[in-house]
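Notes follow once the structure below has been shown.
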Amino acid sequence: MFYREAGDFSASYEEDSQTFPIKFDRYRYYLVLFIAIAVIPFVINDYWVNSLFLPFLIYAIAAIGLNILVGYCGQVSLGTGGFMAVGAYACYKFMTAFPDVSMLVHVLLSGLVTAGVGVLFGLPSLRIKGFYLAVATLAAQFFLVWLFNRVPWFYNYSASGQISAPERTFFGIEITGPNTQAWATYLFCLMFVIFSAYVARNLTRGSVGRKWMAIRDMDIAAEIIGVNPLRAKLTAFAVSSFFIGISGALFFAVYLGAVEVGEAFGIQKSFLVLFMIIIGGLGSIFGSFAGAAFLVLLPVALKIVGVDWFGWPTDIVAHLQLVIVGGLIIIFLIAEPHGLAQLWRVAKEKLRLWPFPH
Amino acid sequence: MKLKMTTLALGAALAAGPAMAELVFPSLSYRTGPYAANGIPFADGYADYFTLLNERDGGIGGEPIRMIECETGYNTEKGVECYESTKGEGALVYQPLSTGITYQLIPKATADGIPVHSMGYGRTSAKDGSVFKNIFNYPTNYWDGASVAIKHLLDLNGGSLEGKKIALVYHNSAYGKEPIRTLEELGKKHGFELSLLPVDHPGQEQKSQWLQIRREKPDNVIMYGWGVMNQVAVQEAANIRYPMDQFIGIWWSGSENDVRPAGDKANGYKALTFHNVGDDFPVFDDIQKYVVDTGKAAGAGDQIGTALYNRGLYAAMLAAEAAKTAQGIHDTKALTPAQMRDGMEALEITEAKMADLGLPNFGPEFTVSCENHGGNGFGAVAQWDAAADSWSLITDYIQSDQDVLAPLVTEDAQAFAAESGIEPSC
């Protein structure tokens, strides 16, 4: 009734192939952007930002990055935590070496460094596939964490081996350190989220993304029709690691402020981001957002309901969280193996026919 | 997309109004995860002492106490969530019981003007109060612990450790790495050789480290472990028949839960402590009467009198005493975090005061001042008696080697001050 393409005419190819071809969809998207950019910054406080928005936004970037590699190019990776650590440590080194440079530059440079490291660890993907590649990236995960723990140069020889973000600015506004404003850190991360989602969406719609998907669907066939597997796989690793590096840099510098590599970027982080894209939907940008939201917001929501509303003991709520999140993951995977994104797609299909389905 | 709306709705649900007429003590505890075995008794002790004050005295100075418990799972991300969700409630002091979370909170809490008390953990150089205005780590810290362990070994070896080999088995994190610098300095001074054996989080896998110990046969092993790592280490030491009385854990590696799994083989294991052990103190009668018998004990109520329960109780007692001091200074009953900070800085713990609280001879005497936020560095050694299933103190309180430690503390604090642009002042 509301959601349909009748009367929505495209007069050019551009209009026909845009991301949101249906008018209602497009306006909804603009509305979300408007609320995110122009409404939320005025109403949020420290709690909302540090407990909900920052982790959601940062994990969304990481999920987009991993989704490019796993969802679009079909290269299973368990090295996300390690690549986030590369982003974080690169950002730390840049922040301490060039204190006067804007945070924007630091974060983008950290992404580039991570892209380089990602390509390096992506090289084995030319020879090995599937589970074997997963094991190779797992090695990357452990190697990188070990490296950052082992070589004092990475943490500037601090006694505790921790890295802590000094105060750095972006156009004179403090982005890192203790004296930040909630809206500033929120908008800074949101900017990267919009940038990542925009770039990722358009890459995956273009020829690069089609090559990735060809490799994912059947690499031999792709090679025969002229896709260069070396280039396709390595670009996927590079772009994916770039986004993951950005998320790692933001995770350390803006969100946590002080990081210990083994605890913050361990193997659990790799699994967490992988779960996000599996639950959200492989090969879908919206799925990355949905998955990140699901795994970041659900535990907080359960905690609020259990502890603050019902007054249950904290340990019981923490255990219930594991049970409920685990149970929901299983239910989702059985009921909808293609994730939340597919649910969303089905809902949209239904809406298009509503109220007169066939 | 739509999720943002959900988040907004969620946030609105959060905005329950805080009541400011109470003394709010958040407890960032962990009763789940690989560190729960140690987190539970501490959290129980912390909660029970405040319950006791509420039930027996009606709070502190007539002002009721509200303790908000928040589960961190020893995880820094959850720690941030807990900090943000409790600070708006008027939290007076944070005791996160995690070095990682402490490091995280040091800049945040300083900016928000809320004191942090990291009792025997956290950043050691926070002892320098001229730099770390809001951070306290009295009565003792990690470097004191390392020094006390070495002093104990000096006593056992007739005053010389020349040519001895000492291995440090440590949690590979900020916590475990803290004592390395101190032990290296002490190694230079006393001529022992230090070997480092890191154990990665969570610490269930220690075969290779103990194989190395078996091969190198160090004269002593010092351990900085926490959570499941402790139990595994004691078990592994028993497996390679390492002499238990040569094996010394820091105070975080000295609870009943750490040694019991190894059974009789753990007999003779030593651990440091900065307060007394057991439940033979008058305050425990009150806890039995006002807390346990009224069914208000925290958790399962089965931890009373254990080493970490006592530590939680001690932490709560120090917080309560600081609050009393603050009430005296500012002549008010309701406190703000800034007033609480003043109370902590003026805190004085004497034997008479502790006896008055029903804790005679429970811990060392100390005085906090603007320059010294870390006490005097006294620690004692406790030994595990597997047959009696209890710890007992085998030494008096030993003071750490201040000649070595004081310059290290100043150096690290000055480095932090320079790094973050703080002007040290008192």
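Every residue gets a Cβ built from N, Cα and C, even glycine.
Taken from TrEMBL as is:
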type	residues	note
TRANSMEM	A:27-44	transmembrane segment
TRANSMEM	A:50-69	transmembrane segment
TRANSMEM	A:76-95	transmembrane segment
TRANSMEM	A:101-123	transmembrane segment
TRANSMEM	A:130-148	transmembrane segment
TRANSMEM	A:183-200	transmembrane segment
TRANSMEM	A:236-259	transmembrane segment
TRANSMEM	A:271-296	transmembrane segment
TRANSMEM	A:316-335	transmembrane segment
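The transmembrane segment (A:271-296) shares the most Cβ pairs under 8 Å with A:316-335, out of the stretches A:27-44, A:101-123, A:316-335. Within the same chain, the transmembrane segment (A:76-95) stays apart from the transmembrane segment (A:183-200): fewer than three Cβ pairs sit under 8 Å, each pair at least 6 residues apart. For the transmembrane segment (A:27-44), same-chain residues at least 6 beyond its ends with a Cβ under 8 Å from one of its own Cβ atoms are 19-20, 53, 182-183, 186-187, 190, 194. Of the candidate ranges A:101-123, A:130-148, A:183-200, A:236-259, A:316-335, A:236-259 has the most C-beta pairs within less than 8 angstroms of the transmembrane segment (A:50-69).
The highest tally of CB pairs under 8 A with the transmembrane segment (A:183-200), across A:101-123, A:130-148, A:236-259, A:316-335, is held by A:236-259.
Same-chain residues lying 6+ beyond the ends of the transmembrane segment (A:316-335) with a Cβ under 8 Å from its Cβ atoms: 275, 278-279, 295, 298-299, 302-303, 306-307.
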